Amino acid sequence: MEPNLQFWISERQAFFRRFCQWMDLLDPVNMFISIGSIEKSRQLLFTTEDAPKHYLDNQVIKDAWNKSLSTVHPDSSKLIPHLFRPAAFLPVTAPMVFLLMMPDTGIKSIILTQGCLYGYTTAFNITNGNASYSHGPVERTLLGAGVSVSSTFIGLIPHLFQMKYPPNNFWLKRTLPIVFLAQVSGMNVFASRSFENHRGIEVMDKEGHVVGHSRKAGRKAIKDTAKSRAVLFGTSALAPELFIHIFKRTRFYPQTLLSLVILRMSSTFFMMGLMVPVSFSMFPQIGQIQCSQLEEKIQSSTEEKELFYYRGV
């Protein structure tokens, strides 16, 4: 069995432990791990008996797991491209969210930032989603292009609306783009990973033996990931607005434009740094579903009451 898949099946731990694991996996250093180092770490995991059980009590094994989990896809056993590894998500998206939430930004700047943000998140979702369904590179490329363009267009709606009908209410002006950012980010996951819902993903027993392909499991995997992504971007954009609004009422509020920009940037980066591991930890990487909730063909092919599937990041 693929070591990463074996690890996530055996490690269905509580939220706090998942959070601590993601804090390790999101270390930016993991973007630059060499292929040789990855192969050496995975060889150690292959040759170590019950390697998942030694994650906490053996530092060498723990380091090997962190290198493997942060760079290799659990479904395909292929290396994840450097730019789309989980560790790259925060440093790539945080500056975009900051620029997107800057007040009084021109429409050209908004279009460029939206395009970059949704172009990246679409590719990230496809790369780190479940890869057990049948697919080809051309159809995935066409799907990704369509999703990124449509997400960018939908994300522009509140900005275009405010340009034509400027709202008098401050909170409506500032929160409407945030609501759209959260909603479109969730919809982006649904759209970019729609093949999982239409074609089904592998469901397996606790030993990792594949029982069949389930569209219902694919739908659940996408739904959970979409929720976490909406929470991530919605909270990361809303919290700095609340902080700055409250801070304005104090005597410590800076008056220079540069100080205001630095304050907004710091609060946005802080919230993104907190919410990325929180959102990735909201649901286990290996989802669990009752066999009775799946298709009749799968129910008739196994006696297991609970089956597992890879949710994706």
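Any Cβ shown, glycine's included, is placed from N, Cα and C.
These features come from Swiss-Prot:
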| type | residues | note |
| --- | --- | --- |
| MOD_RES | Lys173 | N6-acetyllysine |
| TRANSMEM | 87-107 | transmembrane segment |
| TRANSMEM | 141-161 | transmembrane segment |
| TRANSMEM | 175-191 | transmembrane segment |
| TRANSMEM | 230-247 | transmembrane segment |
| TRANSMEM | 269-289 | transmembrane segment |
Spatial neighbours of the residue listed as 'N6-acetyllysine' that are distant in sequence (at least 6 apart) but have CB under 8 A: Gln162, Pro166, Pro167
Listed stretch, out of 87-107, 175-191, 269-289, that has the most CB pairs under 8 angstroms to the transmembrane segment (230-247): 175-191
Cβ-based contact of the transmembrane segment (175-191) with the transmembrane segment (269-289), 3 or more pairs under 8 Å: no
